[in-house]
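Okay, so here's the structure we're looking at.
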Amino acid sequence: MKFQKMGDSNTWDLVGEQQQRKKSRSPSRASRVDSELLVGVENAAELEALGLGKEQLEEEARRHKKQRSKSPALENIRKTSIHLLQKFGAIPKKKDDSVLLFRFHDIPDIPLESLCIRPKEFFEEPKVFSFRDMGREQQKAEVNEKCSYLFRGTSFDHDDHFELPTETGRVPEYDHFCPIHGSRRRLPRNKLVTMQTLMHSVDDEDNEDLAYIYGHDFLAKLVRKKKREMMSGTEKERANKIKRKIMSNLWILSVAFLFLFTAFNGLQNLQTSVNGDLGSDSLVALYLSLAISSLFVPSFMINRLGCKLTFLIAIFVYFLYIVINLRPTYSSMIPASIFCGIAASCIWGAKCAYITEMGIRYASLNFESQTTVIVRFFGYFFMIVHCGQVVGNMVSSYIFTLSYSQALRGPEDSIYDSCGYQFPKNLSDLTELAESNLARPPQKVYVAVCLAYLACVIISGMIMSMFLNALAKDARNRKMAQKFNSEIFYLMLKHLINIKFMLLVPLTIFNGLEQAFLVGVYTKAFVGCGLGIWQIGFVMACFGISDAVCSLVFGPLIKLFGRMPLFVFGAVVNLLMIVTLMVWPLNAADTQIFYVVAAMWGMADGVWNTQINGFWVALVGRQSLQFAFTKYRFWESLGIAIGFALIRHVTVEIYLLITFFMLLLGMCGFLAIENFDHIIKFWHHLIHTSCPEKEPLDDRNSDFE
């Protein structure tokens, strides 16, 4: 009979931990060993061919981490904000159960006798008397103590009367840290978070380095850098030349759109104030035709004529639209608006196709992801185009200010009873001061503004025709027989039964309603009525600056905070502005409030323009960017058309209430999409509990099936 003594082995080896428990429960990139750490094995061969070993990766990771950690204050702010958002439930907590495993060489076994000498005698120190010992003596000897086998070796399975001859027996005691029975064994529990643990991760810096080293973004940068270094001189020069041409075409396209929409946005903001009901009706026709034609016309025009010719024809239609605005009548404005809406759908569709093709070509030359490059190019494009809102409004206000004598004197410090949310449907109910502020400008001044916008459109067409390069595939498409492609229309009908798509429709329509409110209601009932038509451009320029800056900033912020905080921020800002306009007794002396409301509205509009468009891309899929942009443009244009139609039939207060409830409905739909899986599971569970499944038929009934 062989016995195992206490000093011969480690006590915890007796627990007999299974081999499966030593593996990571959720293997990640950081929980693999040696060569498996190389980005999921499929890229390991490519990295080895490029000469990127483990040492090179670690060196590059340390260098990049040193560059990233130059501002610890910003890093602490980022971590604190993420933790607060997780506490409030705005973003989900990341659960990472991975265990870092490392492969080391086995340590050779060293016999203990060569280093230590066992004592020949053991002495037991006398114990201090305690009443607890009296109770222990009365216990039965055969009572099984928890964890006793950990301290008695293999003698636990034998008789208790056997005593070791050379070693004093040890009284079994309860181990609080026993991994099986101990009360203080490691259990998954929520730990208290202090400021120190908040600023510094629980894991050490080495683990964080490993997670960064073997991240796909980091490895993609190294692979791109290595592939560029391996290119020959001729190939590198040719690739750089093509990339410079692509970037120049992108900036040329952006500047041409800047001049075009400088004219269109500036004239659009004056329609309801200068042309009255004719202006709102023409905008309804324009955006309704844009929404409908976006399903059929753009694909046919692009395939038949190519992107560049589509741009030029659309610019010519915009030119005719502005010319007709010199002498606006119902018989001329409504048809011109319909054709302008069709041209708008074509020019936006051609823009998406042109930028997408440039992004794909640039990504192949620069060894980057196509989606990353396309999104970056769209960001550059809209950064330039949104500045057109600023320039166009500044042009109109500057020309109007030179001609209006009222602009020389300041606004009166009094409450305007017929302006703001109390703006009447019948203009005859306006006060004399409000009526003078909304008086149509002299024809010469209005013609001067339109001529300035015509010059911008001509410059846009010249830039597009002389400097923009045509796509190579446009020449191939023109040789093929073209016909109307109804694929997008069929896809639109097919996705009408998709629950997720329909849940996002109310928020997209609200995006159109809030734009129509700002262009058609705020410019007339608030700014024009209180300050005068000559001030509309200045206030809308403030909106344009805020919209452009926030559209540029909110794009990268989604990577830090996620989609939910940005949507909540935009909704809260819009709700506050709507409530403010509903209770604000308009006083023209409070000039700052007009600009603050426009700036805050621009912040919210920056959220909707960037995030809703990206949300449609996420739902539809990045493989069909054209269809995603078409769906977004369709529902947004439909919302704008509905908004301009409501201006004729409801008061300002009712319009604000409709916008308020549409925003609440849209946010409910957005929250339902974000928690769609949980809602479906709850719904199935509710149906299963309320309507249990029927018992299977017996053999007699099954014969009749």
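First residue shown is number 1, and so on along the chain.
Quick reminder: no glycine exception, Cβ is built from N, Cα and C everywhere.
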Recorded membrane side (Swiss-Prot) equal for Y321 and G643:
yes
Mean pLDDT for the topological domain 'Cytoplasmic' (1-240), as a whole number?
55
With DSSP as the reference, give the number of residues of the topological domain 'Extracellular' (262-276) in helix, strand and coil.
12 helix, 0 strand, 3 coil
Do the transmembrane segment (622-642) and the transmembrane segment (277-297) come together with 3 or more C-beta pairs under 8 Å, pairs six or more apart in sequence?
yes
When you measure from the Cβ of N426 (N-linked glycosylation site), how many other Cβ atoms are you left with inside 10 Å?
6
Touch test for the transmembrane segment (520-540) and the transmembrane segment (583-603), at least 3 Cβ pairs under 8 Å:
yes
So how many of the residues in the topological domain 'Extracellular' (643-647) end up helix, strand or coil by DSSP?
5 helix, 0 strand, 0 coil
Counting Cβ pairs closer than 8 Å, which of 241-261, 561-581, 583-603, 648-668 has the most of them with the transmembrane segment (442-462)?
241-261
